[in-house]
Amino acid sequence: MISILKSGPNIPPVLIKLPSQVKQIWIFNFLLMGVQLVYFFYRRTYLNQHIPFWYTKLWGEEQLADKNLLILIPLTSLFIISVGLVFIRVLKKYYIRFYSELILYLITFSNLFLAYSFFRIFRISSRPFEPFINPLFIEMVLPFITAFLIVYAITPKFIKFMEDREIVTDPSIHKHPGMSLAKPSARGAGFVFAVGFIAASLAFVPQSTPIAGILLASGIFALMGLIDDYQNTHIKSKFKFLENPLIRLLLLMFTVIAIVLFFGIRTDYIGNPLGGVIQFAQYKIQIGGTSIEPLSAIFTALWIVWVLNLLSWSNGIDGQYSGIIGIVGIIIVILSLRFIPLQRTEITYAKLAVIMSGASLGLIYYMWHPSKIMWGFGATSAGIVVAALSILVTSKVATGITIMMIPFLDALVTVMRRIIQRKNPLRGDKGHLHHLLMERGWSVRKIALFYWGTTALFGFIGIAASEKVAIQVALTLGGLVAFGIILLNLKSITNKNPSHQAVK
């Protein structure tokens with residue numbers, strides 16, 4: 001039923017605000033029109049002089065028109081959008097709801113139909129040309145969107161499920177030395193990520209032994225995260241032993257070693273800063289009929305566990321971790337597809353990375369400050385994918401370090417600081433970089449954006465760095481960033497020193 005609200009003394013004279021979802025649809029319409037305009041001016045030289053355009057006329061030459069008339073299609077979209085905006089403004093003036101949204105959906109349908117016609121004419125009426133975007137990257141879009149939509153759709157229901165069972169972290173009740181929550185937040189984002197990631201991977205990624213290992217590990221860590229979420233929010237839980245950081249580390253090590261040994265995820269060499277490479281594969285042990293490379297397995301396991309921890313330690317504020325994982329996934333896609341010719345395995349790993357990115361970014365809306373859901377220990381369900389792909393795709397530790405430069409050095413400096421202060425290096429505190437930035441007055445959202453931006457920046461530096469200079473780039477940037485983090489730590493320690501405050 002259409003509701004018409006007449007203005008009167010009890011109704012404030014303001015226009016009804018459109019919901020955020022409606023605004024997003026408007027933005028989509030403008031972007032769709034803009035893409036057509038850009039594409040027309042970029043590709044019109046490839047069009048035949050005459051194109052099929054007047055489809056309402058009889059079949060034959062009567063349908064043909066000059067190629068420049070094709071610009072009328074995006075201009076028609078602009079006209080439809082403009083007229084629609086006028087109509088909606090008039091309807092809002094008289095407080096008529098429903099019709100405004102109906103008009104918006106009709107506009108969107110019309111613009112989608114026009115866009116389809118526009119690109120179809122280009123496809124059938126153009127000379128051969130290089131694709132505007134690498135087809136392999138186009139192939140990544142559907143897996144990304146699928147993973148994104150799965151996570152985006154199920155997260156609200158999962159939040160309600162966790163809230164009904166009181167698996168919620170309340171900062172006023174549940175204390176943690178590194179917590180920076182503003183209000184109560186449901187737990188279990190790692191489980192939601194794993195559901196979207198595994199479902200989309202089974203649909204789009206060809207299965208192999210390493211892929212099966214990654215999916216299995218992500219699922220195991222997601223379930224471990226759920227158990228940890230329960231024990232964190234229930235005082236009488238039988239799983240309180242999971243709060244012990246040493247037990248967590250041992251669980252990580254056991255799972256990772258099993259994956260390395262049984263699913264073939266390992267690195268056979270690392271770059272030598274002095275030149276050449278350090279080979280692990282040449283050292284082998286024969287056990288029965290099985291050949292084991294101990295150095296390769298040990299180094300890979302240590303690297304994966306280290307990456308799991310450094311990423312988890314960059315999960316201290318709302319939105320931070322999801323953005324990092326999403327951006328790292330996109331960087332890995334580019335790294336996977338940059339070489340020609342490509343192996344089929346590289347395309348497979350690129351799909352896995354883009355699915356990881358989509359699943360992680362699908363959580364952003366719900367994790368933006370103030371968050372409605374948090375990762376918890378389940379963050380390792382995403383971290384294991386990053387750690388495994390950093391080996392399978394780049395095969396270079398230096399490139400992996402460059403991509404994850406800020407989390408890597410923050411973790412390294414944190415461990416060293418805790419050891420110097422004679423603290424347990426695995427026990428959380430408020431000495432991470434994001435905590436130091438909060439001390440300096442940065443807002444939670446600003447810090448999250450800082451981590452996203454620096455992850456993207458260092459990621460593209462890692463892509464741009466040639467194979468020969470990757471180690472030098474990592475060492476140079478690492479030294480500069482580490483110096484900045486150490487300075488912030490010293491400043492924080494100085495400010496907290498009572499004797500220093502007394503002198504002030």
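Glycine is treated like the rest: Cβ placed from N, Cα and C.
Per TrEMBL, transmembrane segment is recorded for 69-91 (among others).
Taken from TrEMBL, the feature transmembrane segment applies to 103-124 (among others).
The transmembrane segment feature in TrEMBL is assigned to 136-155 (among others).
Annotated transmembrane segment per TrEMBL: 188-205 (among others), in sequence order. Taking Cβ pairs closer than 8 Å, the transmembrane segment (188-205) reaches residues 142-143, 146-148, 150-151, 154-155, 158, 162, 167, 211, 215, 218-219, 221-223, 225-226, 229, 322, 348, 351-352, 355-356, 358-360, 362-363, 366-367, 373-382, 385 in its own chain, all 6 or more past its ends.
If you look up TrEMBL, you'll see 211-227 (among others) marked as transmembrane segment.
Annotation comment: TrEMBL describes 247-265 (among others) as transmembrane segment.
Residues or ranges marked as transmembrane segment by TrEMBL: 285-311 (among others).
The transmembrane segment annotation in TrEMBL covers 323-341 (among others).
Annotation comment: TrEMBL describes 347-366 (among others) as transmembrane segment.
As annotated by TrEMBL, transmembrane segment applies to 373-393 (among others).
The annotation transmembrane segment is assigned in TrEMBL to 447-465 (among others).
Annotation source TrEMBL lists transmembrane segment at 471-490 (among others).
Beyond the ends of the transmembrane segment (103-124), by six or more residues, the same chain brings 22, 25-26, 28-29, 32-33, 35-36, 39-40, 43, 47, 51-53, 70, 73-74, 76-77, 80-81, 84, 87-88, 91 to within a C-beta distance below 8 angstroms of the stretch. Here the transmembrane segment (323-341) touches the transmembrane segment (447-465). Their Cβ atoms form 3 or more pairs under 8 Å, with each pair 6 or more residues apart.
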